[in-house]
């Protein structure tokens, strides 16, 4: 809009309080229809001309710029006389136009402040209008801000079904407990039978005797050692399952933890080691059976050796089943 004679060239619409002010103070809604306004210095002529315009809204936010201060009767430079000497109609039109612009700015400020104080910006209006990919994930509503100004974290993209996970943990846990118990039973029986493999053979009239023990066969020593290791390992795993049950309410830990991965590796290693030693002991027992030693009183030696090797094979089967259960559970959970 054009400037009147003698006005400061720097004053324009951008210099009005609605564009220039950065601090909002207390809102005063005061009618100036009577020519009275708090803090304003108006001369009689200005009061008369000012009363011809509509009522204005005063926003208490600090000093006004030169152009607005001039409309309230304050001097604004050497052009004051020239403005007062202008025609009454032109000056009245200019003053009313500026007051109208100021009224609009003040009312916009007052409406915005009232809206913010009444919580209009906390409504869900904009959340409902959100489009997919803009401001919300998949068009869902964004969470409202907290009281202290911190924005709440967005909702999780995917939540694992807790009920189904608990059922799977209980199912796999029951299977693992049964397999661990079977490993302990068969390894204990195998090492007990192998440890009792001792026999003394006496000749006629006890002129001579011959002692035989499992320590004389290397493969028997190997299978006995693996039975002890697997038995201790199964006992430790069984105790850890019960500790996990008492602490977290489930028999198995998460397959993504280090303990679960180590358990899977140890199951695989011990299973292969046990089946290897059991196979070697089975070969030795077969060779002893083919000879002439398994006759008479020596039959018990061959039977005990074969029984101990058989128990080791059963223990291997249950240990391999445990490793398979852990692998299936790992693939089932990570593949969801």
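Even glycines carry a Cβ here, placed using N, Cα and C.
Residues annotated as topological domain 'Cytoplasmic' in Swiss-Prot: 1-170, 244-261, 329-336. The annotation topological domain 'Extracellular' is assigned in Swiss-Prot to 192-222, 283-307. Summarising the annotation, Swiss-Prot assigns transmembrane segment to 171-191, 223-243, 262-282, 308-328 and lists sequence analysis as the type of evidence.
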Distal contacts, the transmembrane segment (262-282) - CB-CB under 8 A, six or more residues away: 217, 219-220, 222-223, 225-227, 229-230, 233, 237, 305-306, 308-309, 312-313, 315-316, 319-320, 322-323, 326-327, 330
Taken over the topological domain 'Cytoplasmic' (244-261), the model's mean pLDDT: 72
Contacting positions for the transmembrane segment (171-191) when only residues 6+ beyond its ends and CB under 8 Å are counted: 223-224, 227-228, 230-231, 234-235, 237-238, 241, 245, 250-252, 307-312, 314-315, 318-319, 321-322, 325-326, 329
